[in-house]
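Residues or ranges marked as transmembrane segment by TrEMBL: 31-50, 71-90, 122-141, 148-169, 175-199, 211-231, 237-261.
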Amino acid sequence: MNESLTATSWPPSTSFFHKVWSSRDPRVKDWGLINDARFVVPLLATYVYVVKIGGPRWMKSRPAFELKFPILVYNLFMVVANALFVAKFLNHSYINGGYSFFCQGIDYTAVDKNTMALLSTAWWYAFVRIGDFLDTIFFVLRKKNSHVTFLHVVHHFLVVLDCWIWMNFGHDGQVILGVCVNASVHVIMYSYYFLAALGPEVRKHLWWKRHLTTIQIFQMVFVVLHMQIPLFYDCNYPSMFCVIEIVQLCFGIALFVNFYVKTYSSRDKGGSDADKTRKTE
């Protein structure tokens, strides 16, 4: 192999990686944990291993845990936490941050109190999304491994990976409306989960259970449409961020639609709607 050719073939890729990595948001590049791949990569790898291999193996010779009270507390906490984050995101962006609902760019030089409060809120919000992992852990401890589906695990995995990407390259701007919608949807979902966990007497009155998946699908469709705006209207929002989000969300939409069709196409099939809906989150 020509050594000179080999030598000149590496710099472009190295240069590209350096260019991408050096374009990180300077306002938060020294923040730790969710901003640090050394935290996020092991966390995601551990999550997948525990819920798909280690956890089921450990539970194989053990009886299922009864976790009604911890699950009630967890769901209630998630309702309150997500509602608070919706309020804080809206306050620091569209209410007091002068944000445009139509198209909002990113100013990497903005370090005013309100902008930094918005970024700090996004940093803490990532830990609530990491907290969603407990949903899967509860399934494993209750020996409901059939609920730990490809959709369920991939969804949680990608959400946390998203948090790492956005925190490093810009968690303000156009993406904030999608984050607000996502947190609002989680308020609805965890409210249902809390009520359903109270028992069958309450669960039988929750007529809107099957619509949770529909809400998630419409949420993703809305964000896909909203993230397309900066591709056609220049508001100083990076096009690459739009492309990354749109591709990932289209993948998510395909998975959720496939789940919905398989689950609800025939209501005669086994399994309650409550359990079926729960499998998506």
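Each residue, glycine too, has its Cβ placed from N, Cα and C.
Of the candidate ranges 71-90, 122-141, 175-199, 211-231, 211-231 has the most C-beta pairs within less than 8 angstroms of the transmembrane segment (237-261). Most Cβ pairs under 8 A with the transmembrane segment (31-50) among the ranges 71-90, 122-141, 148-169, 175-199, 211-231 are made by 148-169.
Within its own chain, the transmembrane segment (122-141) is flanked in space by residues 28, 31, 34-35, 43, 47, 50-51, 55-56, 59, 64-65, 67, 70-71, 74, 78, 81-82, 85, 89, 147-148, 152-153, 156, 159-160, 163-164, 166-167, 171-172, 179, 183, 281, which lie at least six positions past its ends and keep a Cβ under 8 Å from the stretch. Beyond the ends of the transmembrane segment (211-231), by six or more residues, the same chain brings 102-103, 105, 174-175, 177-178, 181-182, 185, 188-189, 192, 237-239, 241-243, 245-246, 249-250, 252-253, 256-257, 259-260, 263-264, 277, 280-281 to within a C-beta distance below 8 angstroms of the stretch.
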